[in-house]
Amino acid sequence: MADKTLNQIRTTFLDYFEKNDHKIVESSNLVPNNDPTLMFANSGMVQFKNIFTGLEKRDYVRATTSQKCVRAGGKHNDLENVGYTPRHHTFFEMLGNFSFGDYFKEEAISYAWNLITKEFGIDKNRLYVTVYHNDEEAFNFWKKIAGFSDDRIIKIATSDNFWSMGDTGPCGPCSEIFYDHGDHLEGGLPGTKNEDGNRFIEIWNLVFMQYEQISKDKRINLPKPSVDTGMGLERIAALLQGTHDNYETDHFKKLILSASDTLNVKVTDDNQSSFRVIADHLRASSFLLAEGVLPSNEGRGYVLRRIMRRGMRHSHLLGSKKPVFYNIFKTLLEEMSNNYPELERAQSLIKETLKTEEEKFLVLLDRGIKILNEELEKVEKILPGEVAFKLYDTFGFPLDLTEDILKNKSMTVDGEKFDLLMKESKKLAKKNWKGSGDSSVDQIWFDIKDRLGATDFLGYSTDKAEGVVTLILKNNKEVQDLQENDEGIIITNQTPFYGESGGQVADTGIISKEAFEFEVSDVQKKLGDLFVHYGKVKRGSVKLKDNVELKIDTQRRNNIRAYHSATHLLHEALRRVLGEHVTQKGSLVQSDRLRFDFSHMKPISDEEIRKIEHYVNSIIEKKSEVKTRIMTPKEAVENGALALFGEKYGDEVRVLSMGDEEGKFFSTELCGGTHVVNTADIGKFKIISQSSIAAGVRRVEALRDAQLIDFLKEKENQSNLSDQKNEAVIKELETKIIKLGGKPNLQNKDQVTLIKDLNRQFDQLSVISILKDKDKNKINDQTINGFKVRFQNIIDLPFKDLRKLIDEGKKEIGEGLVVIYAINDNKVGLAVGVTKTLEKKFDAVKIVRAGSEVIGGKGGGGRADFAQAGGTLPDKIEESFENIKKLIN
């Protein structure tokens, strides 16, 4: 196998188990869809968790996978070791085979032994295994199958050889297979003091789930024991290619060579750690971006940003002064897109995000390192936590990046002080990612679902139906009935009410019978298909097993379904106009509007908006029939259906297609929502606003038909007052232009003065027009430390007009401060104004400098009452304003 590539080794593993009646199951998403408490998939068993716990069943009992995994952040965090050891990665692939109540220890050991010694051809004399100290079954099976003597089967009594899902749930002993890389490397056998060396390396872990942990002191046998195994692809590839170092495999060599060529720097012993960091972090960053995770300051996005910035800092160490990551991506695409086509589908988004993020970070990096070096001259061994926090808070240096810089200087950081400052900071609200586990409330729904089964949803074909009350809840407790004015929950055996999901809001309506009426205010789908009606009894009473009529608000439903269909058309139009990198990041489909969030790095131009609207309206005007088909997920994707990352699909999916375009559908998506029968039912469509909600994420809002007419009338009424005020000015300008009588005489002082006056007045009208546009002009008046502060964020405003708006703002607030940010052409202008009465207390120059350093600016200038600066980081506006607020306080 020494001549096999990493890709070929992956194929050999999967093919071997497929020949042995295992179903090859595609890797699940890195962002788990069955465990919201887990940050990233970190092992092969994550996607099978609910099968092992009995909450889910599939049509196979044997499976094999190559699972994408990320270990960075949370409980499993390998980030700080990457680049400095032969085996640590942030992104890796976990090969595995699984038995769900089918075969057990003997077969699992036999499959493993045959694969590694026969298919892979590994010398059995270099192999050792461990078993849990009291697992005599596994001990004896290894002797029988492998012919091992007792000294090659090592009994381990620690938790390293006993696996559990949590404090309760499935658990069992492990058996690990180790390979001896030779006595030229340091390290001892597992269980010895020097077991952590590079000589004896674990290559495969076999987990035998045979118990269920009921409580701390109680454990019972599972009726159907299962098997979960994990083998790191990069680790086995290193072994089979004759090295103990994962970074010396064919795959990493290509990535490192690509980085070397791009940077025009040769790999040496002194700089190889940096090249390894770049190769590893490019993989993790690209796969996370492909799934729609974008760099941000919280949650998964923050972990991605940490990975990206650590890698980019190492390219900077190698002499790079411009973005390089996006250029190296092409090699990763060549290497992995055949097995992971999502890389190709998202390549535009990946490259653009890598480039933009590196451009931003390089600006911050130079300034941050300068400050860090100045502070390092003042200390000997430990960097104060306050400095590390400033680097994090102002320059976007994650703590582990600062630690990585200090590592080469044999220094550390005061982590305790840093953590304390993080807790005190109100800016970044980090989510507390705990271990796996379900809340007690969730457990209620599991129990109810077990008793009642799924609810039959009839809402695709009808807006009313009869049903039987199967369960009533009041204050989260089961009761026999509900009386007048009681608030509670009703579950029926079937329902036409749509439960909130997929961005579509729930139906509302009435559940009734003679002398009883329950007003439904919300409907939620629990565990996928248990429909739960929330509401209040308006009259009468209801009890278990009553026959009732369920009727939705039809007019509201019709509006919702029209907006949902419009959302599908909008999604496809965005992809066609802006590019296939556009992926849905969120949506809200209501009865009076739609909101759609998607990945895109810059504002949409007016021309692009016109094209998008034209696409949508042209399909609506064609009066195309909307077609619904039921398929397997694989068939749906083969038919061009657009599936959404993070969505969980069953064995059959609902495929919605609409819009006839030269014999093909304009839009095809997997969707469980309600939709129009014909696109004509949508009515006229228009985008009314766009905004940025996060770095790389845009939001558009749109209206249709009656709501659009109402909106336009309201906007017209709002503008009439301003138009009346401006009308006199416009007429005066027209009169003055006529007086010029054609081409002006620039030698005539009166005409030159008139031209300047015209320009001034036109500029004034331009400013007034922007102020009227609520979509471009966001104003937030606050009181800080007893003073009025106006925070204003404006899109498309020429920076030269900032002074005018500051003056207008100061007039409006009377006494206080005005802080205005203007975004134009992906750059940001900042202006600060201080009213006359406060000039002795506040200095506009100091305030503008506090804000400009965060948005990538270089100081700023002006006077005590007005100062202005520019920057290159518009996504940092909120943080910049927070910095200003601190100074004011």
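Just so it is clear, glycine is given a Cβ too, placed from its N, Cα and C backbone atoms.
Over in Swiss-Prot, the protein carries these features:
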BINDING   H564, H568, C671, H675  Zn(2+) binding site
Note to self: What are the sequence-distant neighbours of H564 (Zn(2+) binding site), meaning same chain, six or more residues apart, C-beta distance under 8 angstroms?
What the structure shows: Q504, V589, L594, C671, G673, T674, H675
Next item on the list: Would you count the other CB atoms within 10 A of the CB of H675 (Zn(2+) binding site), including those on all shown protein chains?
Entry: 24
Check: Applying the rule Cβ within 8 Å of the centroid of the Cβ atoms of H564, H568, C671, H675, what extra residues of the same chain belong around the Zn(2+) site?
Finding: Q504, R561, S565, T567, L656, M658, E669, G673, T674
Note to self: Given a separation of at least six residues and a C-beta threshold under 8 Å, show me what packs close to H568 (Zn(2+) binding site) in the same chain.
What the structure shows: L656, M658, S667, E669, C671, H675
Check: For C671 (Zn(2+) binding site), what is the tally of other C-beta atoms lying within 10 angstroms of its C-beta?
Finding: 25
